[in-house]
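What follows is a single structure, written as structure tokens, with notes after it.
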Amino acid sequence: MSIQHFQRKLGITKYSIVTNSNDSVTLRLMTEHDLAMLYEWLNRSHIVEWWGGEEARPTLADVQEQYLPSVLAQESVTPYIAMLNGEPIGYAQSYVALGSGDGWWEEETDPGVRGIDQLLANASQLGKGLGTKLVRALVELLFNDPEVTKIQTDPSPSNLRAIRCYEKAGFERQGTVTTPDGPAVYMVQTRQAFERTRRFA
């Protein structure tokens, strides 16, 4: 069962992690109407740097081709829009690592492992803790599915901001791996670690 099917089966369309009344980060499922906005985001310089590079700047048609199948639940990637006080501030996605294809996680054997990626749309909001809140919200949402055993991610070794963000959200470095995008820092959060953190929070 995909995360998206699991969410819709239970009627889950949004998850929020509330830190105070003026700083609530929420996640909602992305829709087809968000594709033009995502296209504009993916062409912003601070995102291009870590999301494909200058040579991979997408056209609107590229974004529609790549992301519409996820929106329509035709593949195992689940796309979200992150919201702050009712305004869209970023994109996140989760996917089943096993069988993800294109050279990704080919040695994975656990169907309960999920991969995640995310971005903040506005450069002015970097370094203010919003990325950590977004990741925490996504992690808790995914672990609401009892079938999920571990969440993993793979920031570039040069993306120190992302690495710090993941560490603050409870991820641990497990070394460097080679991915289709090049070297990456392999970072994980297990269900056991997540539940242990919640018990002592």
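Just so it is clear, glycine is given a Cβ too, placed from its N, Cα and C backbone atoms.
Look at Swiss-Prot and you will find Trp51, Asp154 tagged as substrate binding site. Residues or ranges marked as acetyl-CoA binding site by Swiss-Prot on the basis of similarity to another entry: Asn159. As annotated by Swiss-Prot, domain 'N-acetyltransferase' applies to 25-192, with the evidence given as sequence analysis.
Swiss-Prot feature annotations superimposed on the structure.
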residue: Trp51; record: substrate binding site; DSSP (3 states): coil
residue: Asp154; record: substrate binding site; DSSP (3 states): coil
residue: Asn159; record: acetyl-CoA binding site; DSSP (3 states): coil
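Here the binding-site residues are Asp154, Asn159, and the one whose Cβ sees the fewest other Cβ atoms within 10 Å is Asn159. In the structure as shown, the Cβ atom of Trp51 (substrate binding site) sits within 10 Å of 17 other Cβ atoms. Rounded to a whole number, the distance between the Cα atoms of the residue listed as 'acetyl-CoA binding site' and Trp51 (substrate binding site) is 11 Å.
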